[in-house]
Amino acid sequence: MQHRPDTSVRSRKRVSAAVAAVVLAITLAPTSAAQAEPASYDWNLGDDTARITLVTGDQVTIKATDGKASPKITPAPGRESVPIHISNHDGNLYVIPADAGPLIAAGTLDRRLFDVTTLVEQGYADEDRADIPLIVRTGNDLATTTDARPLGGLGLVAAEQPKAFAVDFWEQVTGARVGTLAAGVDEIWLDGRRTVSLDSSVPQIGAPEAWEAGYTGDGVTVAVLDTGIDVDHPDVADRIVGSQDFTGTDIGDRVGHGTHVAATIAGTGDASDGKYTGVAPDTDLLIGKVCADVGCEESAILSGMQWAAESGATAVNVSLGGFDSPEIDPLEQAVADLTEQYGTLFVVSAGNSGGNQMVESPGSATDALTVGAVDRNDELAEFSSRGPRIGDFALKPDITAPGVDIVAARAAGTEMGEPVGDRYVAASGTSMATPHVVGAVALLSQQHPDWTGAELKAALMGSAAPNPDLLVHEQGAGRVDAAAAVGQQLTAQPASLSAGLFEWPQEDVEPVDKTVTYHNPTEEAVTLNLEVSGVGPDGTPVTGVFGLDGDTVEVPARGEAEVVVTIDPSGDLPAGNYGGTILAASDLHTVSTPVLAVLEPESYDLTVTAVGRDGEAPEGGFGLTLMSVNDSDVYISAWFEETEGTLRVPVGEYHSEVTVYGGLGDDETLSKIVRPAMSHTEAADWAVDASDAQPIVVDIDAPDVTQRAGFFGYVREFAWGSYQSMMLADDFGSLFTAVDGPAAPEGSVTTEASGHWKDSNGATFYDVGLAEPGLTDGFTSELTESDFAAVDITIRSQHDGSQSELIWWLEGPLGGYGFGTEVDTPSTLTGHHNLDDYWTWRGEFSQNVVNDDDVFSVTQEFIGPFDHEAGETHEQVWNSGIFGPGFAAVGTGMHRDGTRLEIGMPLFSGPGLHQTGYSAVDSGRTALYQGDELIGEFDHVDYGTINGLPEEEREYRLVIEADRSTVSTVSTSIAYEWTFTFSAEDPEPTLLAVRMAPQGLDEYNRAEVGEPVTIPVTVDSTGTGEVDRCDLSVEVSFDGGHTWEVVEVDDGAITVTAESAGSVSLRSNATDEAGNSVSQTVIDAYLVA
């Protein structure tokens, strides 16, 4: 991958001060192969679970529990011995196998392919799609992929890699030597998804004055690459001259974003009697749909860009973006290539991330006209991303436009923004600012039809209206001014100047000269008076930093003239961003050019030399991470292929670590050397020898057990938050650690070690969680049987031919780790876990089925925390009916925010008080009523949203129905109805749940014909736990719910005797003293044989 020149390591703004807590886990295959039959289901497990298959074939499963992301890792077959480095910072969890790290370091493999947080957010979880979308620069035949297609003339191939064969793809595209790709494969990217980022705003940019001058965009064609368009909306219906779908759906807009953007450019205002007319209402629109309902795939964007340029669009509106990096990604490269080939101007939103150095890609492309957002007072919108650009500190954004509360056309049936009547909607974002600029381009292009995109960009930037209270890296040239643009003829190129980063110390730095060329297309020579002004990082004026080689310049008729701009930071100046404005003016013409220079704070080189455990260069390279002890904004991470690497590091106190990747194949190792107290005040060398790292040894005094997985790492606490660093391997024998230099402050670091051991037949396992204060050179612990609590585990079955996964995870103050093992269903086994004041233990169970060689979780249960004692034996029963709603442990599964209600109920919980459960279903319905009036509904039982609730207190009925007859043999059909009262001010309703725990069922949840079954019955409440006083009735059916008979509740239990084989169905009604009620019908609650 190409890189921009990078003269210093950037300090990256953190999303939050504290790193999110995380639970890490690994899944181990069963000792003997579990048997499962293929099945087909409509998966409705909800948003609490997501599994991601990495491009290496390794799998990461994330479960959301108690507000924590809970990943577990399943190595691909044959990759069990590949160590994995795990880090959690900026709220993103990275899982990077050792053989992928060097490729990321070399810039040939996209790091996003291992950012599991982003992969889930972008809809690339296994539940969402069965393949990994890729963009590859290659001339090879990608044999394992499907739908491989060249992306125009960009030299790229988009392809989908089926996840079932991801490990085969990885073997095909990687070279024989670690850190190399196979011959003919140059670069691999994730085909990621970018996110889509008038009555007063149109006059604000001077469009009416341009109209009066005769410029309305007539004869100009622009393209909009977005979510499609409502072709029937009166404001845009007559403006569309061409369209193309690149998402595999249709051109229709089911989000509303694309219609709003298109109407901001060229809306006629027909549905508002002209009130909401766009900037250039006579402009022709090409509509390219590159964004589906869940995001914008980069391959679709690339195809759309090519199509728009080839179709002759003067400008292309790209109101979307994603995280930028110093590498030049495919979208940025496409902007450069298509601009050069076709002269097209790509107008791109800066992004809505706010903060410095947060301009998104492809707005980060040099040739793009990148747009930030201002409000109606030309104040910068809080969300508008600022520059400088990542890597080379170039000036971005280029220009601003109104982007706050913009009213434009509303696509029919969409809910984006705040509705303004039926036909319009108000929305905010740099997405809304960008089409204002595209409209201005259309006005200007009508006046100058022969101008290229670069000339149009220069004219708009040169005529923009800067806000004197904003810095250039916030606003670029200033707010677009269409009236000024069509009123002047002269332009300056380049439209902005970037001097980049001046390394510290600046006293002896040589000044840098940049040239601005003024172009005069008129028939008369023009003399321009020149001025330059500058401000420092705090906005106060500075002198001497920016200078000119003259006070005036004469630009000949139909000619050009050059002016040399000198940037001289050699004075005693504080570090930061210095912005200047070059003003060239005559009586008729005014052209302004922004300029940016960045002064590095006091910094010195840090050179790290690393050797492997064998004394040679590490075969897998090494990673270096530094984070400021005092400043959450300073986080530096780099990866080096060779034995030496140098970084430019600001003066400060740092926590730092080096991870050395050694060995190949079965000999792969990870050695982590941590320097927790590094004072960086001068140029320094750090020699790292992986052989100094000591082994990690945990011995368990138990017969016939072998370690199957282990995590080792630490958590470091800072005043601003925390950092977590982990290593994972199939056993501790390949992991090593050492401390270099002074210790961290007492109490600020905790070393954590956890592992999973089991015997040869898989019937007995030991899970261990250990913690020690501080960092350690190596780690040693010995455990005996007396350190463990033993648990006799019974796993029942809900589905023939299925297999199960049992996970125990341990949680500490900041998160934890866990281990899972696949077991047959039904089965029994014995687990052991140690006890430690630092940790608590929880359990999770999933019953899975195999479908087309893939494994799907169809039911899930959760228990915890465990209340166990060391030296004692306890019991756990999983997958045991009767399955129904259960709230005591997790709450209602509902969240109300004003008039919006989110619903995701635990509908299939086991009978235990602290058990909660979920299930896939074949079909379902969720509906909310107020009396007999339907407020809202959706046709599933996943997480869903209902809008439009009145804010005042009202009584509601929530009805949920589901069928899962192909998923489970018990609780095959359920119907629940709750009555409760709540309001916007009191959003936590009291819901009841009737829990039934039949005694004496066998491993398939069956009772015996003719035998009485005692079923304890309790009523739980989300408000108080178990309800002592309520009206309760229970009915039983022996014919699948066709006929019912009342059964007496005696001393908290009912007794049911089935006289023939089949099933028992149960129906219950409960009402508490406050009037809250529940009606539960469970068909096939348990079986009879």
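Yeah, the Cβs are placed from backbone N, Cα and C, and that goes for glycine too.
For reference, TrEMBL has these:
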type	residues	note
ACT_SITE	ASP226	active site, charge relay system
ACT_SITE	HIS257	active site, charge relay system
ACT_SITE	SER431	active site, charge relay system
DOMAIN	217-478	domain 'Peptidase S8/S53'
SIGNAL	1-36	signal peptide
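Note on SER431 (active site, charge relay system): other Cβ atoms within 10 Å of its Cβ, all shown chains, come to 30. You'll find the Cα of SER431 (active site, charge relay system) roughly 10 Å from the Cα of ASP226 (active site, charge relay system).
Every protein chain shown contributes to the tally, and the Cβ of HIS257 (active site, charge relay system) ends up with 29 other Cβ atoms within 10 Å. Note: the CA-CA distance between HIS257 (active site, charge relay system) and ASP226 (active site, charge relay system) rounds to 7 Å.
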